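Visitor: If you look up Swiss-Prot, you'll see 33-53, 77-98, 113-133, 178-198, 226-246, 288-308, 320-340, 347-367 marked as transmembrane segment. What Swiss-Prot records for His83, His182 is heme b b562 binding site, and it gives similarity to another entry as the kind of evidence. Per Swiss-Prot, heme b b566 binding site is recorded for His97, His196, and the stated evidence type is similarity to another entry. The ubiquinone binding site annotation in Swiss-Prot covers His201 and is backed by similarity to another entry.
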Amino acid sequence: MTNIRKTHPLMKILNDAFIDLPTPSNISSWWNFGSLLGLCLIMQILTGLFLAMHYTPDTSTAFSSVAHICRDVNYGWFIRYLHANGASMFFICLYAHIGRGLYYGSYMFQETWNIGVLLLLTVMATAFVGYVLPWGQMSFWGATVITNLLSAIPYIGTTLVEWIWGGFSVDKATLTRFFAFHFILPFIITALAAVHLLFLHETGSNNPTGIPSNMDMIPFHPYYTIKDILGALLLILTLLALTLFTPDLLGDPDNYTPANPLSTPAHIKPEWYFLFAYAILRSIPNKLGGVLALLLSILVLIFIPMLQTSKQRSMMFRPFSQLLFWTLVADLLTLTWIGGQPVEHPYIIVGQLASILYFLLILVLMPTAGLIENKLLKW
C-alpha cells in the first residue's frame, strides 16, 4: 500500500515541499530564515486577527481602542506587543534572508529573487500602513510625511496624494483605508510566498559553496525540519524576551501621545527597520531626487543578478567580495543610525557619504571586485 502522503493530491504538495524535498546536505543556519519568515507571517496574521476584533479604525476612537486592548482585553497587552515586536523580528529575518542571498549568490535564481523583492516591498507597505493604525503622534506625522512624498511626482503628484488621503489631509478616510490595506496585504504576502516557494522548488536550493546542489542531496525531513525547529525556538525565545521584558524598546515614545494635527513632534522618524531608507531619502536636498533614491535603495536589488561579473556564484572563496559585502552591512547599520538622528552637522554629511557608498558598493565596487577575482584565478 502506497503512503497517503505520496498519493493524496493535497498531501502530495505538502510532501514535496516539506518532507521528501531533496535538499543540499551542506546548507548552514543562514538557510533557516526562510522558514522563520513563514513562522513570523503566521504569527503576525494570528495576532493581527485578534487585535482586529477589538480595534476600531476611526480617528476619534482608534487610540482609545488600542489602550482598551492593552488594559481591558484578556492578554490584550501581550497580543498587541507580540504583534508590534513580531514586526521587528520579521524585518530582522527578512534582512538576514536577503543578506544570505547576496552573500551566497542565491539571486541567480532570478524568478525566486524577483518575487522576493516584490515580497519585501509588500511587507514594507504592510508595516507602514500598520504603523498608522494606533493613531499616535508618530503614526499621524509618519503617514503625513511619507504619503506627502508622492507630491514630488510631476504633474499628477498633488492629485495622487489627495486621492490616497481621501481628502485634503490625513484624516478619518485615510485611517479607514489604511486599516483595510493592513488587513488584506498579509494574505497577498502569503500568496506571493507560495509562488516564491514554487519557483524555488523548480530549481532546488542553492548552497554555501555556490556549486550545483544536485551532487549530494538529503531529504528535508527529518534533517532540516529539526534544524528549523531549533531556529524557530530561538526566534520565539527572543520575541518573548523582547515582548515580556522591554516591549517598548523598539517603539517611539511619541506614539503614546494621541495624534494632534496642530503639534508636530520634534523628530519625525519611522520604525527602526525603515531608518536606512529614510536616511537615504533625507540625504538628498531635493524632494523628487530623495524619493527616487528611496525607491532605488530597495529596487537596486532587482539589478543585482545582472551585475554578477564573477565566475564563482558564492562569495565563500572570494575574499575581496567578502570585504565589500561586510562593508555594505556596516554601511547599512550606519544609515540606520543616521536615520534616527536629527538633521544637523555632522549627521547630514555622514548620511550623504553613507548613501553614496551604499549605491557605489552595489553598482560599481562589487561588480569590479568580481572582475578582479576572475583575473586572479588565471594567475
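Our numbering is plain: 1 for the first residue shown, then up by one each step along the chain.
Backbone N, Cα and C atoms are what each Cβ position is placed from, and that goes for glycine too.
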Visitor: Among all protein chains shown, how many Cβ atoms are found within 10 Å of the Cβ of His97 (heme b b566 binding site), not counting that one?
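Guide: For His97 (heme b b566 binding site), the 10 Å Cβ neighbour count is 21.
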Visitor: Counting only residues 6+ away in sequence within the same chain, which have a CB under 8 Å from the CB of His201 (ubiquinone binding site)?
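Guide: Within the chain, His201 (ubiquinone binding site) has Cβ neighbours under 8 Å at Asp16, Ala17, Leu21.
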Visitor: Within 10 Å of the Cβ of His196 (heme b b566 binding site), how many other Cβ atoms can be counted across all chains shown?
Guide: 21
Visitor: Where else in the chain does the transmembrane segment (113-133) make close Cβ contacts, counting only residues six or more beyond its ends and a cut-off under 8 Å?
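Guide: For the transmembrane segment (113-133), the far contacts come to 55, 57, 62, 66, 87, 90-91, 94, 97-98, 101, 106-107, 139-140, 142-143, 146, 174-175, 178-179, 181-182, 185-186, 188-189, 192-193, 195-196, 199, 270-271, 273-274, 298-299, 301-302, 304-305.
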Visitor: Look at every Cβ pair spanning the transmembrane segment (288-308) and the transmembrane segment (347-367), keep those 6 or more apart in sequence, and say whether at least 3 of them are under 8 Å.
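Guide: As far as Cβ distances go (cut-off 8 Å, pairs 6 or more apart), the transmembrane segment (288-308) and the transmembrane segment (347-367) touch.
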Visitor: The transmembrane segment (320-340) and the transmembrane segment (178-198): do they have three or more Cβ pairs under 8 Å, with pairs 6 or more apart in sequence?
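Guide: Per Cβ check, the transmembrane segment (178-198) does not touch the transmembrane segment (320-340).
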Visitor: Could you tell me which three-state DSSP class His83 (heme b b562 binding site) falls into?
Guide: helix
Visitor: Can you tell me how far the Cα of His97 (heme b b566 binding site) sits from the Cα of His83 (heme b b562 binding site), in Å?
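Guide: The separation of the Cα atoms works out to 21 Å.
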Visitor: Using a Cβ cut-off under 8 Å, which residues of the same chain at least 6 positions beyond either end of the transmembrane segment (320-340) come close to it?
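Guide: Answer is 99, 102-103, 269-270, 272, 274-280, 282-283, 310, 347, 350-351, 354-355, 357-358, 361-362, 365-366, 369-370, 372-373.
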Visitor: Mind checking which residues reach the transmembrane segment (33-53)? Cβ under 8 Å, same chain, six or more beyond either end.
Guide: 69, 79-80, 82-83, 86-87, 89-90, 93-94, 96-97, 100, 182-183, 186-187, 189-190, 193, 228, 231-232, 235
Visitor: In Å, rounded, how far does the Cα of His182 (heme b b562 binding site) sit from the Cα of His196 (heme b b566 binding site)?
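Guide: Cα-Cα distance, His182 (heme b b562 binding site) to His196 (heme b b566 binding site): 21 Å.
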Visitor: For the C-alpha pair, I'd like the distance in angstrom between His83 (heme b b562 binding site) and His196 (heme b b566 binding site), rounded off.
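Guide: Pair distance, Cα basis, whole Å: 24 Å.
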